[in-house]
Amino acid sequence: MLNKLKRAALGAHTPHDKATAASKPVPMPLPAQVRILMSQHIGAPAKALVKKGDEVFVGTKIGEAGGFVSANIHSSVSGTVAAVEPFRLSNGRMCDSVVIKTDGRQTVDPAVKAPEVTDKASFLAAVRESGLVGLGGAGFPTDVKLQPKDPVDTLLINASECEVWLTSDTQEMLNCADDIVRGIEAVLKYTGIPKCVIGIENNKPECIDLLCQKTKDKPAIEVKPLPSVYGTGAELILIEKCLGREVPHGGLPAAAGAIVMNVTSVSSLGKYLATGMPVVSRVITVDGDACEKPQNLIVPVGTSYEDVLNTAGLKGGVTLGKVVAGGAMMGPAVRDLSYPTTKTTSGLIMLSEATAQPPQVNPCIRCGRCVEYCPMGLEPVEVNQAYAARDVQELGKLHVDYCFNCGSCTFVCPAKRPCTQMMGLAKAFYLGEIKKGGNK
């Protein structure tokens, strides 16, 4: 489909703003309490296994996967369960959460030990027990991803990290290369996938050099430098750039013979296989023009955004206008700073009041920049017209369902129109109508 659209560009050249690229992760001060959500992943929420008053340790399983597409949840701290209560997620839905008062000791659960893996079945069981999900943002359970229905010949590691400001994946590569290789080799060995390609944008030469060195005697693993263009990290684009393949319309990467894993995900797998410690903390980039001390912090899962931001600090004389969870291009604005971090939280961006002010919107001048810079080759101008007419058939012809809300169209629009929001509305409308059996 990508080639059929004959796209003129590969994406927008956004500013990288990777000021924290050399910031080695440091542990943040232990918070007084954490709130660990039972839904940090795609699929059914986990079922809480603890109750108020229970003592827990670092690595204690406190949530059991609630179905095949679900994930276990583990405590990130040692302490006492203060409450098991409903909590409203950022998408408006409710789920259970476990509130834990920390004891300051960070005692590791005695049950935490390296799993015994001898074959594919025990490997997949270990991955499921770990609660590992895609840490690049989607949060799809890894054990499910590693059991595709289609034959797969390539494990594709997404190490592009093209989002503005974020550098947590970069630091993972620089500091945990051995864990990355261990995780990759385990996946290849126990799933039977013959080869792996690690896709890294060429603005990370230190990461490329280090991983090339670590894999020089491993012919099954290839490190592939990629152009430093925003949008490279999208699965469909990554598969096209690294493998020269197209994913069929509506299909998963496995339909093109690939499984895609985020580089921090495969690193976390390598760590779990060596130590038995699940994902109970992660590196989060804290940056932005309102941030006093931009840095990469090691944050226990369940720590409130407020506690993380207080560690980095607000610049003197600057008013905080907005906080974005994730990267500046695709991350949602945060309404409540008491919201807890999850396994998939990769960054918190602090924007000043001046930067956060929405620009004045002007009429479309039909310049075509949104078309030129869309990494998927879509036509936002035409989509807007079709959506205004509620023309489901035309939206289908325009492939609106391929939009992944990367933000490129809004970024390059000289009229400052909210193109990305419009594309999101059009896509939601189209998929809703198709589900209802509307005009195709």
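Each position is counted from 1, following the chain as shown.
Backbone N, Cα and C define each Cβ position, glycine as well.
Listed features, source TrEMBL:
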BINDING   Cys364, Cys367, Cys370, Cys413  [4Fe-4S] cluster 1 binding site
BINDING   Cys374, Cys403, Cys406, Cys409  [4Fe-4S] cluster 2 binding site
DOMAIN    357-384  domain '4Fe-4S ferredoxin-type'
DOMAIN    396-416  domain '4Fe-4S ferredoxin-type'
REGION    7-26  region 'Disordered'
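Where TrEMBL records a feature, it is marked here on the structure.
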residue	record	Cβ contacts under 8 Å, 6 or more apart
Cys364	[4Fe-4S] cluster 1 binding site	Val381, Asn384, Ala415, Arg417
Cys367	[4Fe-4S] cluster 1 binding site	Pro414
Cys370	[4Fe-4S] cluster 1 binding site	Glu379, Pro380, Val381, Ser408, Cys409, Val412, Cys413, Cys419
Cys403	[4Fe-4S] cluster 2 binding site	Met376, Leu378, Val383, Met423, Gly424, Ala426, Lys427
Most Cβ neighbours inside 10 Å, all chains, among the binding-site residues Cys406, Cys413:
Cys406
Cβ-Cβ neighbours of Cys374 ([4Fe-4S] cluster 2 binding site) (radius 10 Å):
27
The domain '4Fe-4S ferredoxin-type' (396-416): DSSP-derived helix, strand, coil residue counts:
10 helix, 0 strand, 11 coil
Residues of the domain '4Fe-4S ferredoxin-type' (357-384) by DSSP state, where helix covers H, G and I:
10 helix, 0 strand, 18 coil
